[in-house]
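Student: One structure is given below, represented as structure tokens, and several questions about it will come after.
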Amino acid sequence: MSQSPAFVLNVLETPEDPEGSQEPSPYDESEVHDSFHQLIQEQSRWVAEEGLELQQRQPETGALGASGSDHETMLGPEGAPVYSMATLRILASMPSRTIGRSRGAIISQYYSRTVKLRRRAGRPQLRDMGRSARPSLRLYDLELDSAVLEEEEKRGLLVKELQGLTAAQRDHMLRGMPLSLAEKRCLREESRPPRGKHRAQRHRGLLSCCDQLRDSCVLASHNLGLALLSGLQALMPWHYALKRIGGRFGSSVLSYFLFLKTLLAFNTLLLLPLLAFIVGVQAAFPPAPTGPVPAFTGLELLTGGGYLTHSVMYYGYYSNATLNQPCASPLDGSQCTPEAGSLPYSMPLAYLFTLGAAFFITCITLVYSMSRSFGESYRVGSTSGVHAITVFCSWDYKVTQRWATRLQHDNIRTQLKELLAEWQSRQHRRSACGQLRRVAVLGLVWLLCLGTTLGCTLAVYTFSELMIKSPVSAEREAVLLLLPLVVCLLNLGGPYLFRILAALERHDSPVLEVYVAICRNLILKMVTLGILCYHWLGRRVGTLKDQCWENFVGQELYRLMVMDFIFTLLDTLLGELVWRLFSEKQLKRKGKPEFDIAGNVLELIYGQTLTWLGVLFSPLLPAMQIIKLLLLFYIKKASLMANCQAPRRPWKASHMSTVFISLLCFPSFLGAAVFLCYAVWQVKPSSTCGPFRTLDTMYEAGKVWVRRLEKAGPRVSWLPWIHRYLVEDTFPIYLVSALLLAVIYLNIQVVKGQRKVICLLKEQISNEGEDKIFLINKLQRVYERKEKSRAGRTEEAVTPPALLTDGWDAQ
Amino acid sequence: MGNKQTVFTHEQLEAYQDNPFRQRIAQVFSEDGDGHMTLDNFLDMFSVMSEMAPRDLKAYYAFKIYDFNNDDYICAWDLEQTVTKLTRGELSTEEVSLICEKVLDEADGDHDGRLSLEDFQNMILRAPDFLSTFHICI
């Protein structure tokens with residue numbers, strides 16, 4: 001941050017020249033040098049006269065001693081390590097050194113910041129700038145370090161400036177000030193606008209009323225929230241659990257549990273409109289039962305069929321008529337008169353629009369959280385700086401247990417050693433032969449992994465075709481569990497195989513290993529799901545012509561979810577508990593297995609994809625997912641506490657959170673949205689069940705409604721108009737896409753420009769640093785010369801004149 | 001609360017966490033810099049180390065914590081102290097000095113051989129993890 005330094009140089013007595021060309025230009029180096037020399041002389045004279053002692057802190061002397069006795073503090077062209085006391089005194093009162101120390105400096109810094117905020121001017125006015133290329137030193141006022149007297153004035157000014165800000169800006173400014181809480185409280189009290197001054201603010205008018213109203217609302221809700229919080233601690237049951245996890249395992253493992261919490265929020269967001277508009281309404285108006293309802297056996301919980309088929313759980317239960325509007329004779333073409341006081345509720349429309357709206361809201365929320373997460377973890381023009389970041393930002397202050405802090409010490413030491421080793425290995429370039437060998441090994445491993453994925457895909461495809469060819473009777477519903485079993489087995493075994501194969505290749509950076517592992521696992525899971533989607537929408541629709549294929553697909557997804565949960569439990573049990581016991585008893589190793597963060601997060605993403613895929617066919621699937629996530633939290637936490645340790649690799653938690661949210665958005669949500677769009681637009685719904693049974697596609701329900709609105713009359717004609725010209729016509733879509741592309745291109749250019757500006761500013765900082773060193777060295781030389789001349793004068797006074805005359809005579 | 005002023009010595013705080021910078025934290029947040037905190041200082045500390053504190057405020061106090069000789073700059077000696085405390089003295093001297101050199105290379109903007117507050121804040125801006133690691137949960 002650049003502050004305009006405030007010091008004036010009254011040295012050059014240039015008279016007011018009519019031509020105005022007598023100002024020293026920066027190219028008159030000697031002029032500038034002389035003027036600065038005179039400034040220094042003035043300063044030292046003033047210092048000597050006033051006896052200005054730095055009254056600040058005791059550690060100052062210690063600091064001086066330490067910096068003097070230890071290493072060199074400054075690198076100058078002559079490398080002068082020790083400065084005289086006078087130089088040090090002046091250095092100590094430089095603005096950049098007083099910021100960290102005295103309250104007065106902090107207050108004046110924040111005063112200038114507040115003024116800038118109020119004026120909203122980033123740059124000073126051009127007419128205040130000097131006419132030379134670099135502002136000459138004459139323009140600035142000398143602000144001497146009489147900090148104690150001015151502090152009260154500065155504080156008063158700051159309070160006045162704070163009063164001029166809005167409440168939000170004031171709070172933001174106060175929160176960022178490095179002062180103690182008591183002082184901030186005082187400042188806030190003093191800067192709150194007094195109540196009686198309505199007349200003075202009258203000219204702001206409505207805006208201040210709204211501000212005050214909003215302030216009081218915010219304050220009231222905040223107080224209410226605080227009051228509720230202490231009473232409703234049960235609504236946040238995980239705060240203490242998360243704190244314990246963070247305290248024992250650090251931020252990296254905590255990011256998995258925070259991601260779980262995020263997914264819970266997304267599912268709740270999805271479930272609420274579905275419950276309100278679809279499930280609740282249909283449950284209040286149950287349709288007539290079509291046949292005998294099978295008895296409830298325990299197997300339904302696994303297969304999702306049987307008793308559950310004819311319940312609110314699946315698509316087939318929902319009626320295709322308008323509810324709450326019993327028509328006596330709909331066939332003779334006359335209008336149905338609704339009963340008095342009832343609201344007709346069209347179930348197909350409600351189904352379509354609620355699902356569409358829920359997905360739209362989920363999409364907006366996902367994109368917003370992804371962009372916010374991205375904005376926090378990506379910086380324009382930043383170089384890596386990995387050593388500095390490891391030294392200053394890797395110690396996790398959350399960790400409280402002794403053994404966990406030991407582990408952190410070890411981890412940081414390993415990280416630093418790895419960084420040094422990486423740097424040293426980069427110094428010794430690998431030979432061409434070694435490079436070729438590395439590329440060959442990488443290519444081979446990737447081929448093997450992709451081959452494994454292809455093999456798994458073929459297995460799933462073959463098995464699904466087999467399931468189609470052998471139809472399952474109602475008694476042997478357990479056979480339906482075989483396909484999900486095969487899929488889950490492959491999903492479990494695949495990542496372990498990839499891990500074994502990855503041991504062959506040796507990556508330079510451990511972060512790259514994690515990314516590559518995530519990539520491979522993701523490809524496997526998404527391709528498997530893709531094959532299953534083709535199997536359902538492509539093949540099953542054809543084979544289940546007269547039956548309710550949507551119910552079947554919903555049940556398949558239910559089965560997949562349940563199997564996935566069971567296999568996750570198995571994986572936790574085998575991978576963590578059994579492995580720990582095995583390694584302790586048999587292998588006699590002390591180390592516990594590491595908690596595999598990436599693998600577990602991918603499992604969560606996979607489960608969420610299944611939910612989004614199935615929500616069209618089974619509106620209660622998000623509720624299942626919520627129950628599953630709740631159980632998973634407690635099981636994973638218990639297993640973590642008992643069996644695992646934190647990962648040894650450096651784990652950039654916020655970077656990885658961004659990656660996870662992006663993975664949730666791009667392959668997962670986008671894939672589910674594409675699947676749903678295809679199902680709604682292209683596939684013929686079954687004719688025996690569900691809310692769309694008489695239509696060609698599900699989307700037709702909307703078209704039918706729009707056509708009915710057109711016939712209804714001119715009052716609602718804008719809706720059909722919108723539908724005809726904006727939705728059915730393709731031109732607006734092209735226009736919107738073109739606009740989006742233009743906006744993206746503009747943003748890219750802006751970022752490029754910002755990068756250039758950052759480079760220029762870095763250069764400028766470097767130049768200013770060199771200037772500072774140059775000036776300090778000059779200062780030091782001035783003082784040295786003064787000391788020498790003073791010493792010389794005292795010597796002359798001391799030596800008797802006889803010696804001098806002898807010396808003179810000798811010459 | 002009320003009028004009672006409770007003074008926390010840094011031995012009491014030591015029992016709470018095993019942080020290598022606990023003495024520096026106590027010194028930075030105490031009023032006289034000697035490590036004895038009053039209740040107000042204690043609240044200041046938790047306010048700065050909480051989730052809601054803005055990044056610049058945390059960076060300011062982190063700078064003061066890592067500035068062992070209190071000269072408002074993180075010089076090479078401060079860096080060596082930091083690295084030694086982070087690794088509990090298990091790195092060799094050459095490794096420590098090499099790391100300090102690389103840190104100064106990366107973070108020193110005005111090339112004066114030490115980090116000023118602005119250099120530190122600039123570096124913190126590039127580290128999005130700082131907000132989550134410089135955080136104590138109550």
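Heads up, the Cβ atoms here are built off N, Cα and C, so glycines get one too.
Checked TrEMBL, it gives:
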type	residues	note
COMPBIAS	A:14-29	compositional bias 'Acidic residues'
DOMAIN	A:548-654	domain 'TMC'
REGION	A:1-34	region 'Disordered'
TRANSMEM	A:224-242	transmembrane segment
TRANSMEM	A:263-285	transmembrane segment
TRANSMEM	A:349-369	transmembrane segment
TRANSMEM	A:439-461	transmembrane segment
TRANSMEM	A:481-502	transmembrane segment
TRANSMEM	A:514-537	transmembrane segment
TRANSMEM	A:616-635	transmembrane segment
TRANSMEM	A:656-681	transmembrane segment
TRANSMEM	A:731-748	transmembrane segment
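Can you tell me where each of these features sits in the structure?
Tutor: Summarised as a single figure, the pLDDT of the domain 'TMC' (A:548-654) averages 87.
Long-range Cβ contacts of the transmembrane segment (A:439-461) within its own chain (Cβ-Cβ under 8 Å, at least 6 residues beyond either end) map to 483, 486-487, 490, 494, 497-498, 501-502, 504-505, 520, 523-524, 527-528, 531-532, 535.
Sequence-distant neighbours of the transmembrane segment (A:656-681) (same chain, 6+ residues past either end, Cβ-Cβ under 8 Å): 252, 255, 258-259, 262-263, 352, 355, 359, 362-363, 366-367, 369-370, 373-374, 376-378, 514-515, 518, 522, 526, 529-530, 533, 537, 597-598, 601-602, 605, 608-609, 612-613, 615-616, 697-699.
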Student: In terms of Cβ proximity under 8 Å, which residues at least six beyond the ends of the transmembrane segment (A:263-285) contact it?
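Tutor: Cβ under 8 Å, 6 or more out: 312, 317-319, 323-324, 345, 347, 350-351, 354-355, 357-358, 361-362, 365-366, 604, 608, 611, 615, 619-620, 622-623, 625-626, 629-630, 664.
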Student: Please spell out the DSSP helix, strand and coil residue counts for the domain 'TMC' (A:548-654).
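Tutor: The breakdown for the domain 'TMC' (A:548-654) reads 80 helix, 2 strand, 25 coil.
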Student: Please report, as numbers and ranges, the same-chain residues at least 6 past the borders of the transmembrane segment (A:349-369) whose CB is under 8 Å from any CB of it.
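Tutor: For the transmembrane segment (A:349-369), the sequence-distant neighbours (Cβ-Cβ under 8 Å, at least 6 residues beyond its ends) are 262, 266, 269-270, 273-274, 277-278, 281, 318, 612, 615-616, 661, 664-665, 669, 673, 676, 680, 691-692, 698-699, 701-702, 705.
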Student: Using a Cβ cut-off of under 8 Å, list the residues of the same chain at least 6 residues beyond the transmembrane segment (A:514-537) that approach it.
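Tutor: Counting only partners 6 or more residues beyond its ends, the transmembrane segment (A:514-537) has Cβ contacts under 8 Å with 449-450, 452-453, 456-457, 460-461, 464, 487, 490-491, 494-495, 498-499, 502, 507, 553, 556, 560, 598-599, 602, 606, 609-610, 613, 649, 651, 656, 659, 663, 667, 671, 675, 678-679, 683.
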Student: Are there residues at least six beyond either end of the transmembrane segment (A:481-502) with Cβ under 8 Å to its Cβ atoms? List them, or say none.
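Tutor: Sequence-remote neighbours of the transmembrane segment (A:481-502) are 302-303, 445, 448-449, 452-453, 456, 459-460, 463-464, 467, 513, 516-517, 520-521, 524-525, 528, 532, 556, 559-560, 562-564, 566-567, 570-571, 599, 606.
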